[in-house]
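S.K.: Right, I'll just put the structure down here and ask away after.
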Amino acid sequence: MSSINRQVLTLDEFTIQQLRNFPKATGELSSLLRDIGLAAKRINVEVNKAGLVDILGDHGSVNVQGEEVKKLDVFANNQMMGVLRHGISCAGIGSEEMDDIVVFDDEVSNQSKYVVLFDPLDGSGNIDVNVSIGTIFSVYRRVSELGKPCKKEDFLQPGIRQIAAGYVIYGSSTMLVYATRRGVNGFTLDPSIGEFCLSHPDIKTPEFGKIYSVNHGNFFQYEEGVRKYINLCQQKNKENGGPYTQRYIGSMVSDVHRNLIKGGIFMYPGMKEKPKGKLRLLYECNPFAFILEVAGGKATDGQQRVLDIEPTDLHERSPFFVGSRGMMEELEACMKS
Ligand code: AHM
């Protein structure tokens, strides 16, 4: 039987310890992260059972309790929304799964200073083939008046105003990684105690990496600068910092997580038929841009820093390039030439 290592901080212990350095902090962000951690554990249980769906009951069928078995992404959405609604730190949410924001509008929530945007289950198209998927979240301080219901303007803020951003990866182990301006820290779920434990303190992404991640199938849809860069990646050899390796899972949380740790670049460019690409600015690009910048990397839409984009629509899309500083600069040089 494995013993519990008391030297390892749990997510709760870590966020409480962070508070000690800030006597004026209210603890609201810590409680919000605790709420998200709880949702992540519940989602994790269901994701782990995904392969059993055919024997336990298919989507849309009725389970033993007489309830309809929900699709996993709907389940994840409800979990995230539920913990944030019942917590004391969130005035409202925006979700990739829902057309509009949800304003909690009760006495406690209206006093909360934060709003949260999330993609409850990114890469959910991969569930059927047992590929790692994830939850992505982003926390903003509201700009509307405290004591009143939050408003859409609280959600349509540029990414640079994020207070925290993070993701949960349901992989060979389950991890929660989150960033504040002070650093990026990763916690691995210890199933024996059901707690996220600090396993990757103060993550910094390598200045240069050797991995490039892009959907090659769309190569001829990309603009010339991007194609030039992909060609450059293929031509890298021992003499000029290579060879580079192409890795693309098609599940952004897994692709960017791997590149964050090992060093690399992830690209979802605009295409001839979809000039803004596929990824959503508020739910996918901004949180990862924030995390990678805090870790020492860079993120752009090919023209400008992602975190500076002023959003106008909750579900707007953006081309997205993110990764190690050195590789991002190589890409920028190709796009300028
Ligand atoms: P989803 O919102 O349907 O889950 O799609 C988002 C996913 C990302 O995780 C991933 O990076 C991208 O779609 C892959 O798209 P493509 O198959 O076009 O390369």
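The backbone N, Cα and C atoms fix where each Cβ goes, and this holds for glycine too.
Just so you know, TrEMBL annotations never went through curation; they're auto-generated.
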S.K.: Return the residue out of K151, K152, K278, K298 that TrEMBL annotates for the same substrate site as N215, Y248.
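M.R.: Of the residues offered, the record points to K278.
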S.K.: Same Mg(2+) 1 site as D119, L121 according to TrEMBL: which of E96, E97, E145?
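M.R.: Of the residues offered, the record points to E96.
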S.K.: Of the candidates E239, E273, E284, which does TrEMBL annotate as part of the Mg(2+) 2 site that also includes D119, D122?
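M.R.: TrEMBL names E284 for this Mg(2+) 2 site.
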S.K.: Please list the binding-site residues from L121, D122, N215, E284 whose Cβ falls under 6 Å of any atom in ligand 1.
M.R.: D122, N215
S.K.: Does E96 (Mg(2+) 1 binding site) have same-chain partners at least 6 apart in sequence with Cβ under 8 Å from its own Cβ, and which are they?
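M.R.: The list for E96 (Mg(2+) 1 binding site) reads F118, D119, P120, D122, R280, Y283, E284, H315, given in order along the sequence.
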S.K.: To the nearest whole angstrom, state the Cα distance for the pair L121 (Mg(2+) 1 binding site) and K278 (substrate binding site).
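M.R.: Answer for this pair: 16 Å between alpha carbons.
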S.K.: For E284 (Mg(2+) 2 binding site), list the number of other Cβ atoms lying within 10 Å of its Cβ atom.
M.R.: 24
